[in-house]
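Q: Quick one: this structure, given as structure tokens, is what I'll be asking you about.
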């Protein structure tokens, strides 16, 4: 019989187990495990959905909050009721519970699918927008880069930046010198040619060109010097003395009417201002009384149809035109019967006569009060034809503005291992580039 409830030492104090139940079903945690699994799966999927929302644009917050997961293992809260007999039937409550569980499983799945579709659509739109923006920015960047595409099909840009008439001639010039250009890590071969032409054409400061091409001062100076050397060497054939039959075939009508087919060259001198040398002897040799400043003088010769056929090396500003003509090598190109057109300062009749050629200059009064009618007419005709050389000089200096500036002394120094100065190379290259353009005659 049961012991007294306070008598804990009595063997009969422990209550009897089962308490009249003949069969007790073992409890199971399968249902609770399934519930925990569903909750954990929903929590993982909800965290993934939130991550996708943060990557894309701001998305409307989901209405439902993530349920917390209870990680503690508990014993089943309800025990299924025992039925009479060995076969058990599910109660209506159990059927409703299973239906509710099925609906709970289907509802988050549909909701997640809807969110994922919405996120995918937004991400696709964002990707397309970024791709379009990237294409537009690349297109704008390519338009600003000074490369071949920048000048292609745009003659105005070619003329402004290089002085050449069209892109085809610029590309031909580049292909001519490209195999001989030095390799640069920062500049492409086309950029090396372009910056050289831009400096000659626009007389841009080196620092400004450094910002345009995003290179250092030393890199740009070396690129300019190296490219100038290549242009000087490869463009020498552009300034040449033509054969007599070529001169006669291209002789303009006004020359034929006045002098026949015998005019070979029209000569003149031009001067470029320089800095004042520190050496007294160099200072005296470079001072020009005509210009009233320190200069370098060059003798230039053009053919009757307007192309430059001869350019001398630089001489000090005090040197006379006669001395330059007799010592620059021009006379050795004359053939018997040739006519040279020159200004009054070229008193070289005897020197030209030694080559069996003839020089035509404006007439002098030589003590007379005035010229006679024939001399006036001849002088007028000569001046009308000789003016072409001044037009060519003006065209060259206006086209390549570096020839307008005051030349620094460092450009007047002889290049290492050569007999020409850097200024001589600049003048020669400018003459070659002018010959690649249309004639002013």
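Placed from the backbone N, Cα and C atoms, the Cβ positions cover glycine too.
Given the structure is predicted, the values throughout are model-derived calculations rather than measurements.
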Q: For the coiled coil entry in TrEMBL, name the matching range from 120-154, 155-189.
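A: Going through 120-154, 155-189 one by one, TrEMBL gives coiled coil for 120-154.
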Q: Give the range, chosen from 48-80, 81-113, that TrEMBL lists as region 'Disordered'.
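A: TrEMBL lists region 'Disordered' for residues 81-113.
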Q: Quick one: which of 6-25, 26-45 does TrEMBL have down as region 'Disordered'?
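A: That would be 26-45, the stretch labelled region 'Disordered' in TrEMBL.
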